[in-house]
Amino acid sequence: MAMLSDTIYALSSGAPPSGVSVVRVSGPLTRDILVKLVGSVPAARHVSHRTIRTRNNQPIDSGLVLFFPAPNSFTGEDVAELQIHGSRAVLAALFHALGDIPGVRMAVEGEFSRRAFENGKLDLVEVEGLADLIGAETEMQRRLAVEHSAGGLSAIYDSWAERLTRARALVEAELDFPEEDDVPGSVSDAVWADMAKLRSDIGDHLAAASAGEIIRDGFKVVIAGAPNAGKSSLLNALARRDVAIVTEIAGTTRDVLQVDLDIDGYLIKLFDTAGLREADDKVEMEGVRRARVALRDADLVLLLVDMTKPLIPDDLEQSSPHVTVGTKKDLTEVNSGRYDLQISTATGDGLPELRRLIGDIVERRFAGLSMAIPSRQRHKDSLAKCLAALDVALSQTDVNLELRTEQLRIAAEYLGRITGRVDVEQLLGVIFSEFCIGK
């Protein structure tokens, strides 16, 4: 990461050409830049229409200029935003003018958010939530990201850290001043009862992490069945485009194909797999192996059965959770007792019902779930280590209190690593590299 003393600039809006582009500037030279480019510093947080000029007083463009003085800005530094016409030529001219000013340079990925973190405007969970909000494609992803970026999840972790700090303070006070009247007598029982409750709270919270990961990364639905059961046809029908090759030749699908769907606000990752059968062809054998791997990782299996020649591979009947879908409804009489649903990809019959069924299954899984849940592996890892330290502190009742208190300190440190309250330098490059240049 380059020096935070530099003044940086970048395009913060979408790639040109566009109707409007927003260029953000942050750093100690922001006021000087505004004087050079637009003649003076606009009133704080008020929109001002200005002509932007080069150092030779040649006009670049006219647009809206805003100034946000430190510390009341996104980065905590002096920040300016220039809203100009979004042509490549205008942006190139403005960037050339900015780059000519000593001490001013183009920002690197995530540098504005990095400065916001360094200046205490955002913690790491809020930074990650902001990245997720920018990348959100479904309604549930948006809700999860808003909760995280607004500090809802951080507030939970901060409250837990405060409970750990208070517990350590009370135990250490009893250790240091056992004879003092103003130290509550025998606080241990109350402290450890609260730590047991905290351990339970964190355990319940960690158990919800899989839901957070599914909302963020997608609910995996695997289409499986015997060869020619209509798996690829269903993938194409649900995707509303030709993703998979469809032929009457058994074994056409040799690999796992995937498309993303938005069903009722949830990201659904839909996988088409090779037909499950004993194969002699090495390529098809590999496809079958990959299909079985996908089945193991599935959140839901759509078990397709060709109703004109019903055949279910033996190991698929035990797939759980699964929905049995009868296919080729247009070619045979419906056997409603055997199937959860019957469809025809040729006529579209049953496809809206299948989409609703998938949506209902996902909705039931997340019904009543708070969005203040962990959604990243690093959150889970730190929470698990926090729990492990609490387990040691709670279980080792026969050891010195100082040793048990040390485990509380370790537990608090792992909570602090989630929000960045403790040293997490090695994580920062990874986290901020997820952002675009202008964020």
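Every residue, even glycine, has its Cβ placed from backbone N, Cα and C.
These figures come from a predicted structure and were not determined experimentally.
According to Swiss-Prot, the (6S)-5-formyl-5,6,7,8-tetrahydrofolate binding site annotation covers Arg24, Glu81, Lys121, Lys439. Arg24 ((6S)-5-formyl-5,6,7,8-tetrahydrofolate binding site) has a Cβ environment of 24 other Cβ atoms inside 10 Å.
For 218-363, the entry in Swiss-Prot reads domain 'TrmE-type G'. For the domain 'TrmE-type G' (218-363), the predicted model reports an average pLDDT of 82.
DSSP assigns Asn228 (GTP binding site) to coil, not to a helix or a strand. Neighbours of Asn228 (GTP binding site), defined as other CB atoms within 10 A of its CB across all chains, total 24. Residues or ranges marked as GTP binding site in Swiss-Prot (evidence: sequence analysis): 228-233, 247-253, 272-275.
The feature K(+) binding site is assigned by Swiss-Prot to Asn228, Thr247, Ile249, Thr252, with sequence analysis given as support.
The Mg(2+) binding site annotation in Swiss-Prot covers Ser232, Thr253.
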Rounded Cα separation (Å) that holds between Lys121 ((6S)-5-formyl-5,6,7,8-tetrahydrofolate binding site) and Asn228 (GTP binding site): 56
Pairwise CA distance, Ala274 (GTP binding site) versus Glu81 ((6S)-5-formyl-5,6,7,8-tetrahydrofolate binding site), rounded so that it is a whole Å: 52
Binding-site residues (Lys121, Lys231), the one with most neighbouring Cβ atoms at 10 Å: Lys231
Nearest-integer angstrom distance between the alpha carbons (Cα) of Glu81 ((6S)-5-formyl-5,6,7,8-tetrahydrofolate binding site) and Lys231 (GTP binding site): 51
Per DSSP, three-state class assigned to Glu81 ((6S)-5-formyl-5,6,7,8-tetrahydrofolate binding site): strand
Euclidean distance between Cα atoms of Arg24 ((6S)-5-formyl-5,6,7,8-tetrahydrofolate binding site) and Ser232 (Mg(2+) binding site), Å: 47
